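Just below is one structure, and these are the notes that go with it.
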Amino acid sequence: MKPTGRGYLLLDAHPVGCFRSVELMRAEVPVPEKPPARRPTALVIGSSSGYGLASTIAGLVRYGIDGVGIGLERPAGHRSATAGWYRTVATDAIARELGADFSFRNADAFADTTKTETLDLLAERFGGVDYLIYSVAAPRRTDPRSGTTYQSVLKPLGAPHTTRNLEFADDGAAQVREVTVAPATEAEAAATVGVMGGEDWSRWITALAERGLLRSGFRTVALTYIGSPLTSAIYRGGTIGAAKAHLESTARALTERLAAVDGRAFTSVNGALVTQALTAIPGIPLYVSLLRGVLGDRFPSPVAQSLDLWHQLTARRPDVDDSGRIRLDRWELSEPVQAAVAERWRSITPETVTALADTAWFRAQCRALYGFDVPGVDYTVPVATDLPWPES
């Protein structure tokens, strides 16, 4: 199997490469000296990719969680299954090896039927939930109650924004291209909040509360991002930022509601990483490549940041900022790092991009999302692609 596609989007995923990616993530997690006195129950919404996947692996290996993970993935057909399908198969193998009672559901997290069926499973098998991690990146959401489908857009607010984007030619050569993005309409901004804001997260908490499944001390977290001033017009100051602001206000409202069970809701401001969603945001691929160029191997992996997240979630007094947010991005937003990235951003040209930005690393990371360019995999060996979803 060879990678085929256009730009950052590949059409197939390599099963063995995806398995190996999960193995490498697991290897980053330190094994505790002794198992927990009680296995906590966690619900991870968005467990098949990104920080949701990393948090699931870290939780299984380091914190001994049981529970349920939810992802929405496509099985093999004319093409391979999606990468998240294979990553879930690999993560399930880890859970079974560790003796964890952890089920994976292939379902639309936005749907009421998914909530009902998942809560039925949680009630029957565990009787309650200690943690809920909400890590959903979706282009659209259908509200099951109104029937309205919201479509998110990646646009600035108020005025057009011109930035530079990192792209790759068919031969892998890095290119820098200037792009201008038109501002979002009010309707587009509202729709993006409808997809990526806190409404669905809040509905999950409400559903758990109505079923009496919130254990004492329950904690929940949704992942957010602030990012650099270099990307603020398209990210924090754009439609996505409006959705993240709604997510953060939802956390404050949820904390008030969770007082009855001595619970808390947080947003976690994580640092940059390479995801399929990120590659679609103009300017972000170049910024992350420059950030890696500055930091080198000091760039924290998703697993490293997820271990920090679990440490904060399980701490008696989590380290939060003045807005009540867990901050895992201080390494990225430190003044020396941002100054160095900004200097490279100002200096970059098509001729200097490979010297100033770690473009080879970024391209490899993007391909690894689909199971390609993963160390330790022989890509000349034929592979089976039609693998079953893990049994509950």
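Placed from the backbone N, Cα and C atoms, the Cβ positions cover glycine too.
What Swiss-Prot records for 46-51, 72-73, 108-109, 136-137, Lys244, 273-275 is NAD(+) binding site. According to Swiss-Prot, the feature site 'Plays an important role in discriminating NADH against NADPH' maps to Glu73. Feature annotation from Swiss-Prot assigns substrate binding site to Tyr225. The annotation active site, proton donor is assigned in Swiss-Prot to Tyr235.
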Cα-Cα distance linking the residue listed as 'active site, proton donor' and Leu72 (NAD(+) binding site), given in Å to the nearest integer: 25
In sequence order, the recorded positions (Glu73, Tyr225, Tyr235) whose C-alpha falls within 10 A of Ser48 (NAD(+) binding site): Glu73
Cα-to-Cα gap, Gly50 (NAD(+) binding site) vs Tyr235 (active site, proton donor), nearest whole Å: 18
Cβ neighbour count within 10 Å of Leu72 (NAD(+) binding site): 19
Using Cα positions only, nearest of the recorded positions to Gly46 (NAD(+) binding site) (Glu73, Tyr225, Tyr235): Glu73
Alpha-carbon spacing, Val136 (NAD(+) binding site) to Glu73 (site 'Plays an important role in discriminating NADH against NADPH'), which is rounded to whole Å: 13
Minimum Cα separation from Lys244 (NAD(+) binding site), reported as the residue among recorded positions Glu73, Tyr225, Tyr235 that achieves it: Tyr225
Lowest local Cβ density among Glu73, Asp108, which the record lists as recorded positions, within 10 Å: Asp108
